[in-house]
Every structure is written in C-alpha cells, then in structure tokens.
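Participant: Before we start, here is the structure in question, set down as structure tokens.
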Amino acid sequence: MYVYVELFCPPTFDGWSCWNATPAGRISVAPCPYFITGFDPQRMAHKICTEEGTWFRHPQSNLIWSNYTTCVDVEDLEMRQAIVNVYIAGYSVSLIALVMSLAILIAFRQSLKCTRIYIHRNLFASFIINNAMWLLWYKCVADQPEVLLDNRMGCKILHVLLHYFLVSNYFWMFCEGLYLHTVLVVAFLSENSIMKWFHLIGWALPAVVTSIYAGVRASIPEETNHCWMEESRSTWILSGPVCLSMLTNAFFLVNIVRVLVTKLRAPIAYRTPTSPKMTFYRNCKATLILLPLLGLHYVVMPFRPEAGAPGEIAYQIVSAIFTSFQGLCVAFLFCFCNGEVLKVLRKEIVRYAATRKVGLQNRRLILRSQQPMTTEL
C-alpha cells in the first residue's frame, strides 16, 4: 500500500509580501506592494514552487527569489520619479533662498528692528527646518523600501516632526495676517505682548495639534505601518486647523483691503512710495499674494484624483511645484523684494564702497610717505 504525500512549499515572508503554502510545481501569486514607488498594486507578483517542494532560487544569487518585475509600470515609474525630482529641486532651491533671506534679516537686525521683520524671521526658520526635513524624508525614507518595511520609531518621529513644522509654516503665515490686521484696527499696540502670543500660536499650538494627530494615528493599528507614509483618516487633525487658519487669514486680509481702500483715498501728494501708508499697503499686498499660494495645496486636496485616473499625474505635478517652491516665494516676497530690506542693503553697499574708497586713499598716502626723500645738489 502506497501513501501519496503531496509536497508543498512552506508559507514565507520575503520582506515585501506574504506567500501562502503552495503545492509543488505551482506558481503562487500575490498583489504587488502598494508602498513601493513605481509598483502598480493592481498588478500581481509571482513566486515559483519547484517540483521538489522548495521555493525557486535565483540562478545568479542562489537566494530564494520572488518575481516583482511584473509590478513595474516603467512609464509610470519614470513619471513618478520625475515628480520626486521636482520636489527635491524645489525644496533645495527654496532652502537656499530661505537661508540667504534669514541670514540677511539676522545680519541687519539692528536696522530692521520691527515686529513684522521678527515674524518674517520665525516664518523663514520654520520653512528652513521643514524643507530640510522633506529632503531628508525623500532621501532616507521614501526611496528606501527597507526603511519602510522595518517601520522603526526613527522614521515615525521624522514623520511627526516634519508635519509639526509644516503646520508651523501655516500658523506663522496666520501670524503675518493677524499682525497686519491688529496694527490696522488697534490704535495702541504692545509689541512685546503680541510677540508672546505669536510665539504660542506659531510654535506651541502646532505642537499640540501634531501631538493629537500622532496619538490618534498611533492608536489605529492599520495606519501605523510603513513609517506612516500612506494616507490616513487622521490627517484631518492637521488639515483642519490649517484650513481654519487660512480662512481666518482670508477674513483679516479682506478687511485690511477694505480699510486701506478707504484710508488710501488721500491726495496724490501724500501717497509717496515711502509714505507709511504705501509701505503698509505693499506689505498687505505681499501677504495677500501669499495666502492663495500657500493654501492651494489644502484647497485642492479634497479634489485629488484617484490613483491611475487621467488627471492624477497633472495633479501630482502641480502639487509638487506649488508645495516645494513655497519657500522660494516667501523669500522673494518678504525679503528679496521687500522695500525696507532693499533700502538697508543699498545703504550698506554705499557705506562699504565709501569705506573701501577711504581705505584705498589712506593706503596711497602711507605709501607715498614711505618713499625715500631725494635732494638735489
């Protein structure tokens, strides 16, 4: 009497997918991992169980091998890699511009000593740290499948810190609008008192919001994988306060424009480019321009196309451009194109040129005085 024993390849996990026990001579299939950039989760990967009941080994490495080559949509992968490159380029350029802007504001802090410039410095600082963290995220986490699979605490902490400074960006932008509105409607303003509130709004409040987000997300088991990279239902905890701050800022700026239209109805002679009213108007205009620019990402978020939809790639490209180049726009509007900053820079250049000219003249006089005296006989 013969007993027939069917051979099976044992269940296994290859680091990306789980594979069930498979009869010898059969092929096991599994959905492609969704967390790998360039993989189409609607496609299937496969793994061969040999006639001997062992998993197929790659002839070159002699290691058990799963075939994920069918998961790659080469054209889609190249497009998504191009989008990542846009993010990296945008964050890099913005980071350089923001560091230069912050260095200028700090170097001339005695000449630019006012609350509005101090708010700019805090806004730049939050952008600088956030952009640096995004670059770190793309280089060390998003493009490293092993890191996503390990899902260690370090990458989760980076995720939380990244979103803390992201929320801080928008809250400091809210402080920009709140300050302009307060200056316009409040006759007497205590600068020291209002800066304490701005520090609480710009640095402390985002910490509270981000802590709540991290606590809620950590309590949902299915949303704690892959360094928290995938979409989450708890994201509204971050986007809600940001949208609220933007709507409030919009109210402030509309009211500012309404009041300015009334106040700027003055004789033309009094509306000089350097008059306080015109300076204030230009500052309001810069903030008004930034409001839709910085908020576009959250405005269009509800209308994000489904993965693979016709407009999804276009959405990703537009989102990458507006999101990564925000810091560059902030640097130009609040520093490089700021009339007060340009005036101080011009004054410093003139002073440096005059000092250098005097120094050269003094050197010539010293050299002449050191020449040997000659006498005629």
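Glycine too: its Cβ is placed from the backbone N, Cα and C atoms.
Note that this is a predicted model, so its numbers are computed, not measured.
Grabbed the feature section from TrEMBL, which reads as follows:
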DOMAIN    6-75  domain 'G-protein coupled receptors family 2 profile 1'
DOMAIN    83-338  domain 'G-protein coupled receptors family 2 profile 2'
TRANSMEM  86-108  transmembrane segment
TRANSMEM  120-138  transmembrane segment
TRANSMEM  170-190  transmembrane segment
TRANSMEM  197-216  transmembrane segment
TRANSMEM  236-261  transmembrane segment
TRANSMEM  282-301  transmembrane segment
TRANSMEM  313-337  transmembrane segment
Participant: Looking only at the domain 'G-protein coupled receptors family 2 profile 1' (6-75), what is the mean pLDDT?
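Facilitator: Mean pLDDT across the domain 'G-protein coupled receptors family 2 profile 1' (6-75) comes out at 86.
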Participant: Can you work out whether the transmembrane segment (86-108) touches the transmembrane segment (313-337), with the criterion being 3+ CB pairs under 8 Å where the paired residues are 6 or more apart along the chain?
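Facilitator: Result for the transmembrane segment (86-108) with the transmembrane segment (313-337) is yes.
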Participant: When you check the transmembrane segment (236-261) against the transmembrane segment (197-216), do you get at least 3 Cβ pairs under 8 Å, counting only pairs 6 or more apart in sequence?
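Facilitator: These two segments touch.
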